[in-house]
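See below for the structure under consideration.
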Amino acid sequence: MPTIYDLKPKFQQLLQPIVDKLAVAGYTPNQITLSALIISIIYGGLLAYAPSNIALLLLLPIVLLIRMALNAIDGLLARQQKMETKLGLLINELSDIISDTTLYLPFALIVNAYAPLVIIIVILSIVAETTGILAIVTSHHRAYNGPMGKSDRAFTFGLLAILLAFNTPTYLINSLLAITMVLLLLTIINRCKAALSSD
């Protein structure tokens with residue numbers, strides 16, 4: 001099933017000049033990964049403090065795009081500069097889960113969003129990513145199956161933030177959350193299948 005993750009190769013091509021400059025400057029993949037994590041935590045903290053702030057909601061798509069770019073850059077830098085390490089893998093996977101949680105959980109504090117749905121989505125996101133990681137143990141490949149992978153969740157919550165900023169009716173907001181929840185369940189099932197495949 002096609003997902004936003006399929007656009008990653010073209011996105012990486014656009015970022016290549018930045019990767020080259022960072023490599024020359026001596027930056028490491030872990031520094032880039034931790035930068036994305038710090039940005040996510042700071043933004044998530046601000047949104048939790050002021051969940052109804054329109055400016056903050058409109059800022060989320062930009063924050064998510066920056067995070068996505070940094071995540072792509074750290075992978076390119078690690079592979080091209082031969083800096084792939086077990087520590088880097090650990091930091092990368094943990095930071096993804098922590099970033100998702102800190103960015104999306106504050107939506108439970110927004111009046112127009114049904115808090116239990118948001119919390120369930122955050123939990124399912126953690127399960128989906130954990131399932132993807134466990135696939136390494138069973139099939140020797142990290143599972144990135146959709147239809148609601150990390151990039152898709154970023155797009156969904158970016159859209160959700162814009163809709164909330166413009167006072168979209170509550171039933172539409174919660175319908176989007178419900179659809180996201182169902183797609184996350186499908187994602188977990190697909191990643192379980194990938195983890196159990198003999199390939």
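Positions of Cβ are set from backbone N, Cα and C atoms, glycine also.
Keep in mind that what you see is a predicted model, and the values were worked out from it rather than measured.
Per TrEMBL, transmembrane segment is recorded for 32-50 (among others). Sequence-remote contacts of a segment are chain residues at least 6 beyond its ends whose Cβ falls under 8 Å from one of its Cβ atoms, and for the transmembrane segment (32-50) they are 22, 56-57, 59-60, 63, 66-67, 70-71, 73-74, 77, 88, 91-92, 95, 98-99, 101-103, 105-107, 109.
Summarising the annotation, TrEMBL assigns transmembrane segment to 56-77 (among others). Outside the transmembrane segment (56-77) by six or more residues, the chain places 8, 11-12, 15-16, 18-19, 22-23, 27-30, 32-33, 35-36, 39-40, 43, 46-47, 50, 83, 88, 92, 96, 99, 103, 151, 154-155, 157-159, 161-162, 164-165 with a CB less than 8 A from a CB of the stretch.
The annotation transmembrane segment is assigned in TrEMBL to 117-138 (among others). A Cβ distance under 8 Å defines the sequence-distant neighbours of the transmembrane segment (117-138), meaning residues of its chain 6+ beyond its ends; these are 93, 96-97, 100-101, 104-105, 107-108, 144-145, 148-150, 153, 174, 177-178, 180-181, 184-185, 187-188, 191-192, 194-196.
TrEMBL lists 172-189 (among others) with the feature transmembrane segment.
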